[in-house]
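As structure tokens, the structure follows; a few thoughts come after it.
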Amino acid sequence: MTTQAPPTSLLPLSPEQLARLQAAVGEFSPTQMAWLSGYFWGMVNQQPGAVASPAVAAPPPVTVTLISASQTGNARRLAEQLRDDLLAAQLSVNLVNAGDYKFKQIAQERLLVVVASTQGEGEPAEEAVALHKFLFSKKAPKLSETAFAVFGLGDTSYEHFCQAGKDFDSKLAELGAQRLLDRVDADVEYQVQAQQWRQQVVATLQAKVPAQSTAPTQFIAPTQFIAPTQSTTPAAAAITSGGTTTVSPYSKTAPLTAQLSVQQKVTGRNSEKDVRHIEIDLGDSGLRYQPGDALGVWFDNDPALVEELLALLWLKGDEPVSIDGQNMPLAQALLSHLELTQNTTLIVDKYAALSRDETLIALLADKPALQLYAKNTPFVDMVRQAPSDLNADQLVGLLRPLTPRLYSIASSQAETENEVHITVGVVRYDIDGRARSGGASGYLADRLEVDGDIRVFIEHNDNFRLPANPETPVIMIGPGTGIAPFRAFMQQREVDGASGKNWLFFGNPHFTEDFLYQVEWQRYVKEGVLTRIDLAWSRDQAHKIYVQDKLREQGAELWNWIQQGAHIYVCGDANRMAKDVEQVLLDVVALHGAMDAEQADEYLSELRQARRYQRDVY
């Protein structure tokens with residue numbers, strides 16, 4: 001149930017034995033698993049010839065259930081670190097992905113720890129949506145026997161900071177569960193907070209269950225070992241063509257230095273959008289990925305932006321500063337280590353205090369206006385509008401660490417081999433007549449030369465996977481750059497010779513300017529690989545048409561596909577498109593399935609739990 005699979009060579013079981021064991025215990029509750037561990041321990045330690053004497057059975061060890069609700073991998077990595085801490089403290093722990101958690105068993109939990117990230121406008125991570133819905137439904141049980149702790153991960157640049165963590169924390173308490181620790185709300189730079197919290201959790205749980213923490217041996221429940229399968233691959237692992245798992249040396253903190261091989265604009269010259277097709281050569285690195293995964297891209301800020309900021313603050317750039325204990329010139333820190341293109345309300349608040357600018361100070365009292373200002377005004381433009389004389393250390397203290405951007409992978413390695421493709425919408429806008437661009441998208445489109453080095457890593461996404469059965473129909477809904485993973489899906493389905501039907505819904509402003517990968521889709525249709533394609537061009541007529549309108553228009557046939565077992569995939573904008581699409585799906589289910597709104601919502605939740613409704617939204 002964890003996403004951390006140990007090397008097969010370390011296990012005393014063959015893969016076949018491990019698979020049989022997992023099949024046998026797959027439906028066991030944490031309490032049953034704990035009892036089983038004691039049962040096996042007794043079998044191993046029974047002395048030959050000893051006569052069993054009647055005795056009162058020792059109470060089963062209390063298992064800590066650790067739920068990871070991750071969107072971009074941070075919550076998962078933190079949960080894995082905490083699991084390792086708890087095991088080192090000789091506590092019984094069961095780490096489970098929120099999407100795999102059988103939440104109807106939650107009333108049986110005694111010790112529950114949740115690590116939850118937030119996406120979009122306060123939404124839970126995609127894998128945690130079903131659990132979130134259940135807890136906020138009438139079916140949620142009382143949890144008076146449960147003690148819990150919550151760590152929330154978020155981003156202060158968003159209005160609903162750490163909202164998912166807040167939701168889980170408040171709802172668990174409302175259902176009668178007792179807090180082990182106060183909830184933590186962590187920003188992008190969460191590592192120090194997380195380390196302190198992990199130590200507190202271990203100490204608190206050791207005090208709660210002292211008998212286990214002093215046990216002479218460490219037992220690891222079988223549910224913590226998952227055989228390598230397509231849906232349970234650890235973040236640093238990949239599946240080879242032979243089905244075995246290899247551990248990659250590359251990660252977010254240790255990226256691969258690859259080379260840019262292709263950078264091509266795929267929108268027309270008159271398009272309002274600038275979309276680039278990017279191909280990156282992985283060389284002989286052995287870096288592996290699957291359709292549905294994301295590519296993490298580290299980037300440098302625009303040198304011109306760095307120079308502009310230094311000039312505004314009357315700084316030279318050679319001032320010594322420290323970043324994570326590493327000494328370097330200020331200019332280098334601004335170029336490669338600090339975020340310059342994304343502002344936050346917290347940064348505005350701090351800068352207002354330092355600059356004593358009356359306009360900014362007044363803005364702090366108007367929360368909606370403050371949020372809008374932070375969203376639309378990069379740091380350098382805030383400094384231009386409200387000049388100050390920050391020194392180098394004050395500047396570094398204000399800015400957040402630079403973080404990589406994630407892009408849905410637009411290729412299948414079964415076809416492209418040692419390449420990875422992404423589809424990048426370049427962010428461009430003007431502030432006071434000055435052209436600005438996104439940090440990573442501007443780097444990829446404007447500054448990175450072909451054959452230039454680029455640091456990348458794979459962010460595995462086991463919540464966005466093609467069905468295991470190649471005969472299963474697939475419905476893909478991806479307007480704009482949301483089409484990227486479906487290009488990977490179609491490449492994979494074609495290479496596999498999958499016989500299942502494929503249906504694509506795609507939309508963009510104009511047919512002539514914005515039909516991304518048009519020739520490829522036309523070929524798939526001509527060769528029968530793509531069964532159906534429905535296109536929505538929002539600006540080609542007076543009345544705007546979006547993919548959700550096409551879904552509603554095809555409601556009867558959509559329901560037929562769902563009844564045939566189709567898997568539904570949605571990729572793209574989380575705040576508007578994904579919500580509108582979900583509402584249409586609910587309407588289609590209600591109308592053609594003869595259900596009321598509550599039944600339709602439950603039906604869609606069941607599809608989500610069965611991995612038949614998956615979303616990659618941002």
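In case you wondered, yes, glycine gets a Cβ from its N, Cα and C as well.
The NADP(+) site in Swiss-Prot is built from Ser538, Arg539, Lys544, Ile545, Tyr546, Val547, Gln548 plus one of Asp573, Asp580, Asp587, namely Asp580. Taking Cα separation as the measure, Ser117 (FMN binding site) is nearest to Tyr618 of the binding-site residues Ala440, Ile545, Gln548, Asp580, Tyr618. Look at Asp580 (NADP(+) binding site): DSSP puts it in a helix. As a whole number, the greatest separation of Cα atoms within the NADP(+)-binding residue list Ser538, Arg539, Lys544, Ile545, Tyr546, Val547, Gln548, Asp580 is 18 Å. For Val547 (NADP(+) binding site), the Cβ neighbour count at a 10 Å cut-off comes to 27, with all displayed protein chains included.
Neighbour count (other Cβ atoms within 10 Å of the Cβ, all protein chains): 29 for Ser70 (FMN binding site).
According to DSSP, Arg405 (FAD binding site) sits within a strand segment.
Mean per-residue pLDDT, taken over the domain 'FAD-binding FR-type' (253-467), amounts to 96. Applying an 8 A CB threshold to same-chain residues 6+ apart, the list for Asp155 (FMN binding site) reads Thr118, Phe161, Asp187, Val188, Thr344.
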